[in-house]
Amino acid sequence: MTRRDASLKARARGSQAALVGLLTLGSIAILLPFAWMILTAFKTPAEAYTWPPVWLPAKWSLANFTQLFDTIPFARMFFNSVWTSVLIASLNILSAAPAAYAFARLRFPGQGLWFGSHLLSLMIPWQVTIIPVFLLVRYLGWYDSFTALIVPSIASGFTVFLLFQFFRSLPRSLEESVLIDGGSWFTALRHVALPAAKGAIAAAWLFSFLGNWQSFIWPLIVLQSSEKMLLPVGLLSLQNQYSVNIPVLMAGATLSTLPTVIAYMFVQRYLTDAAITSGLKG
């Protein structure tokens, strides 16, 4: 081994060690808040406000979780958030997949104009449209109903664009075999494009689910009845103008993370398969 080869290997080991160290620090920075949240859910208020912070509770107790369910209708809010987020994410995929496929594979008059308009819509902040959409919802009589929450969230420009990028990368030979056999474009979408896009669809569904699960402003505006309240808005009611019971709030936050973890575990296999398939294509 020459001196130059030894120098290159030492430099490579140094770069790898620096990368591992950077990733370790990043992981710690991400996981520390979650660890503090979970541990604080089992602390007393005195331990939560102690400085310097006490990481482990002196006595593990479920009193904060009991108080959480006694203070707000947590189970109802939890159920409302779960079924609305799952429904919106699923309807989002059903509406976005045909649109993305049409933009990626079909040729029709004004296609460039329509797609350009779609891209422009992604640049409009949601704060600009929230008042017009609210006025429309109130005019239609949907105020304080789940319809007002679900219908405006079904269409997502981001989901269309994400699936468009995947459909555009598919080999056209896959669809041509279906069309030659007398199948339609819808048949090609259903039997070729959608099965091949499981990974992209899983990622899009997960993004949509997470976005709706943590949605706060829109549910706060359009839902007023306590029986329709969602979890992010419900957790806000644990605070008042002068104080907040941090351990109880952290107990609610800990339970609210469970559906996101379950959702990720549900789609993880599809994401892994998509990554492996992409690597094989590359």
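Cβ atoms here come from the backbone N, Cα and C positions, even for glycine.
The domain 'ABC transmembrane type-1' feature in TrEMBL is assigned to 78-267.
What TrEMBL records for 20-42 (among others) is transmembrane segment.
Marked as transmembrane segment by TrEMBL: 82-103 (among others).
The transmembrane segment annotation in TrEMBL covers 115-140 (among others). Counting residues 6+ beyond its ends, the transmembrane segment (115-140) has Cβ neighbours under 8 Å at 103, 148, 152, 157-158, 160-161, 217-218, 221-222 in the same chain.
The transmembrane segment annotation in TrEMBL covers 146-167 (among others).
Annotation comment: TrEMBL describes 200-222 (among others) as transmembrane segment.
According to TrEMBL, the transmembrane segment annotation covers 242-267 (among others). Within the chain carrying the transmembrane segment (242-267), a Cβ under 8 angstroms from the stretch's Cβ atoms is held by residues 34, 37-38, 40-45, 47-49, 64-65, 67-68, 71-72, 74, 78, 81-82, 85, 202-203, 205-206, 209-210, 213, 231-232, 234-235, all 6 or more beyond its ends.
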